[in-house]
Amino acid sequence: MTRFLATRAGIWTGFAAAALVLFGAAPLLLSGFRLGLFAQFLCYAIVAVGIGLAWGRGGMLTLGQGVFFGMGAYLMAMHMKMADAEFRNGPGSVPDFMELAGIRELPAYWAPFSSPAFTIAAILIVPTAFAVLLGFAVFKRRVKGAYFAILSQALAGAFAILLIGQQSMGGFNGLSRFRYFFGYNLDDPVNQQMLYFIAAGVLLVVVAVALQLRRSRYGELLVAVRDAEERVRFLGYDAANIKVVAYATAALFASVAGAIFVPVVGIISPASIGIVPSIMFILGVAIGGRASLVGPVVGALAVAAAQTALSEQFPSAWTYAQGLLFIVVIALLPGGIASIAAATKRFRKEPATAEATA
Amino acid sequence: MDLLVGQVFTGLSTGSILLLAALGLSLTFGQMGVINMAHGEFIMAGCYTAYVTQQLVGDAGASLLIALPVGFLVGGAMGLILEAVLIRHLYHRPLDTLLVTFGVGLVLQQVARDVFGAPAVNVTVPEALRGGVDLLGTTVPKTRLFILALAVVAVTAVTLVLRFTPAGRRIRAVVGNRDLAETAGISSRAVDAGTFFIGSGLAGVAGVALTLIGSTSPTTGQSYLVDAFLVVVAGGMGRIKGAVVAAVALGTFQAVFETYSTASLAKVGVFIVIVVFLQLRPQGLFTLRTRSLA
Amino acid sequence: MSTTALTCKNIEVDFDGFKAVNGVDLTLDRGEVHFLIGPNGAGKTTLVDAITGLARYTGSVTKDTAGKGAVELRGKKVHHIARAGIGRTFQTATVFENLTVAQNLDIAAGAGRSPWTLLRRRAHLPANVTAVIEQIGLHEHADTPAGILAHGQKQWLEIGMLLVGDADVLLLDEPIAGMGADERETTGRLLHDIAATRAVAVVEHDMDFMRAFASRVTVLHAGTVLAAGTVDDVSNDPRVQEVYLGTTHTESDMEPADAATA
């Protein structure tokens, strides 16, 4: 089974099955409300695929993915607030939350976001470029391991605090109450379903990109850098460039996920992108299997579903469960669920593959 | 002149708070390479130790004097348990240690929430530490002076212990060369446990002190943790001297930056300064240059 | 063909006041297996670190490159020095344990690949990789993860990685550490084969191995060159005997006392 999935036919079969579930079964079986929740989970899964690439394959423990998620989300939210304001009061008018905060003039940096094309370009380019810049600054100087993890975490903290301080970005409350998504009324169930389909489609694309990166020579190189960075340097590669590619790809995935998250959920605030939410992105990836392709997706979906089911009714128990999951999974099962599958495969005496847990 | 004195003092004060929170870390992270995300919760445990002691003793001054050593023991004991149960088995997986101890932190926060409730609690400041002292034309709160003094005492004590006691020499031997120290008959296991006890105990002391300037909630420790880690990163692994200089520098920078902009921009400013600083000195302020391992 | 590939002049490495390497001159010629020996702390590995850009130094290291003449390497980054044709191995074999032998070699062969090539799958192994797998005797293990290779095989793989990377100067740090007699013999012959067109420098403690395979020997002591020349030249040098034994002894005793701990 696992061996079949590694072949070309197996990959197409896998994608076809996933598409059948996402586009066929799920919309049939789930009510509108639940489908919306599922779309939200899919956004977390998109972030998780990027973390799997950067952390599982590249060894970079990115504790600040909330920053890139937040960038995508806020950029999209800015466009939607602009569009709402223009719809109500005509071009150049101020979004509703600014009126409440007493801001009469539209800040200059808001103006370009009335353009959908500009917004989409910004969502794709801004977080990626930021990750490339930061990545070069950090990796060229060989800041790695724990140092990198702490820096990325500090970045998440600083970013959330920065947003809280900006009244023109919604401050502590963030941005919410959106009506239109590129002209589509968000109250219409059909459009809600369309958002779900966008999330599902993006997830499949993101998984395909990650798969290609893993199977390419670059993917082998990335694992080499993870396991012995100095050695790669002595073979004539600039290891920083290799790491930056994976880090920026993960940032791009997170940004796109954030951009879809906003119309699906209807709110983005500093509380969902700071230090704690950023590290929570890691949990699903760790449970599913950081170095595997599908593991992070499954883990992220499972954690999000459990959170939704338990956190309202049993907030205390859910926090304990989260803490214990971190402890038990990372300490005892560093390869996640995916490593159980790999272990049973080895048990059946098939050739062992080089699946790493480092 | 007054403004300058005021800013210098605010910087020193912020720096001393950072330093108290970071000192234990510079032992466990700096000397042992263990990233203990539950360190913040050990600080929080120190805060609640001060709170509980005051409930039991009543008198604010006496309870503070009792809580300081008790906080050290509470933090130390928690560190000792954490080291023995989890961290010891993860020494070769530093990034995993980070995530596991984050989980421990989550659990400890929830324990605090279940025991003491989510709302913040306050500790009464002793009469002797209320009000301010006139210093070169500005008024300086006594609580801040106390914390500054406590930070000086703690750094001095740690330095003396490391330098002049047999236990301290063992710690430095293990940090310098673990294998060699073992062949010399030093039990690195005992040393690790001891280092962790002291480092975590310092977190407890920091927690007790921090109740003088702020209220205590289950997430109190978390708010200090990232800044404390940045201090150790900027100061350089394993150098107490580095942590002191970095804490004061970051504290002053933050204080000055806040005066001319906002607290939130100051946080971003600190982050940028550290990234730029690491361009110049990727290993932190103070490092030993040796034949590097590939 | 004995042309000079690498010239080191007056190398000094300073570790906070301690001069680990103190004014060393060294030339490595193509066609020779050049042994660097000396007691622990003599500065052998530090010298290799300096040449490969890992340790800072003063002095000059120039690489003779076809068509470009002598290129100064000091101040260049590690990966640029590697691209200039300087390859090294480490005391403990460092291979990518989670990747197969073929993947290890393919990566080592690919430092000049374009992003486009990197982002696609490998259709087939490059010809030089296939040839080197044969040469280092690992053709039966092409698809074995490098992590489960025997110790000696890892050392060979590491040498092979330098070969596919077209290294012109190979700096090998204790390539036979922990090998059995047969493996040493094989390694020695491999070194001679590859030295035919390249310059090979070997940091080693094993005197028998040195006697059997060295074309030239440089003895380091306390960061300086104590003696240089053929095996016979240095074996008969009284200063070398003194450093190794404290007093003068016969040649056969020339095993350093600390070889076992290296």
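From the backbone N, Cα and C atoms, a Cβ is placed for every residue, glycine too.
The feature transmembrane segment is assigned by TrEMBL to A:12-30, A:36-55, A:62-80, A:117-139, A:146-165, A:194-213, A:234-254, A:260-286, A:293-311, A:323-343.
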Proximity of the transmembrane segment (A:36-55) to the transmembrane segment (A:323-343), 3+ C-beta pairs under 8 angstroms: no
Stretch contact, the transmembrane segment (A:117-139) with the transmembrane segment (A:194-213), Cβ-Cβ under 8 Å, 3+ pairs: no
Proximity of the transmembrane segment (A:260-286) to the transmembrane segment (A:293-311), 3+ C-beta pairs under 8 angstroms: yes
Result, the transmembrane segment (A:323-343) in contact with the transmembrane segment (A:293-311) (3+ CB pairs under 8 Å): yes
Best-contacting stretch, by C-beta pairs under 8 Å, relative to the transmembrane segment (A:194-213) and drawn from A:12-30, A:62-80, A:146-165, A:234-254: A:12-30
